[in-house]
Amino acid sequence: MLRDVMGKTFRLLGYTIQYGCIAHCAFEYLGGIVVCSGPSMEPTIQNSDIVFSENLSRHFYCIQKGDIVIAKSPNDPKSNICKRVIGLEGDKVCISSPSDFRKSHSYVPKGHVWLEGDNLRNSTDSRCYGPVPYGLIRGRICFKIHSLLRGI
């Protein structure tokens, strides 16, 4: 009797660990659903939009200019940011805010990307905190889920 209970318990524990590992790999390497908040990407992505972020691009270094990415915030590692890739390593980028009369430029260092929000007047981005290390990128946004649901 005790042997049967212990056997079932260990089998359940084994299945739980296996499914936990599969779920971890799916979310870490394949992608997941993200709720974006804040006005920095308007009008492309609105506050509270639901998007799907795929993570394979960051692992294979396939992030390109123009991609919208989810990254760890350089200012607050507990939060994520949603921004557009403006420059890759070696690119020359404008580091001035839109209201500045005189424009200044800089180069993106090796292993970094330059991220900016689409809503330049209401975005805290690389113009404030500088180039973002490539390792902080969590994934690339593929599509908005809420747009799919609105059509139904």
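Glycine residues also receive a Cβ, built from the backbone N, Cα and C atoms like all the rest.
Record features, source TrEMBL:
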{"type": "ACT_SITE", "residues": "Ser40", "note": "active site"}
{"type": "ACT_SITE", "residues": "Lys83", "note": "active site"}
{"type": "DOMAIN", "residues": "20-96", "note": "domain 'Peptidase S26'"}
{"type": "DOMAIN", "residues": "104-143", "note": "domain 'Peptidase S26'"}
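Rounded to a whole number, the C-alpha distance linking Ser40 (active site) with Lys83 (active site) is 8 angstrom.
Across the domain 'Peptidase S26' (104-143), DSSP assigns 10 helix, 17 strand, 13 coil. If you look at the domain 'Peptidase S26' (104-143), the same-chain residues 6 or more away from its ends with a CB under 8 A from one of its CBs are 31-32, 34, 39-45, 51-55, 57-58, 61-63, 67-72, 74-75, 80-98.
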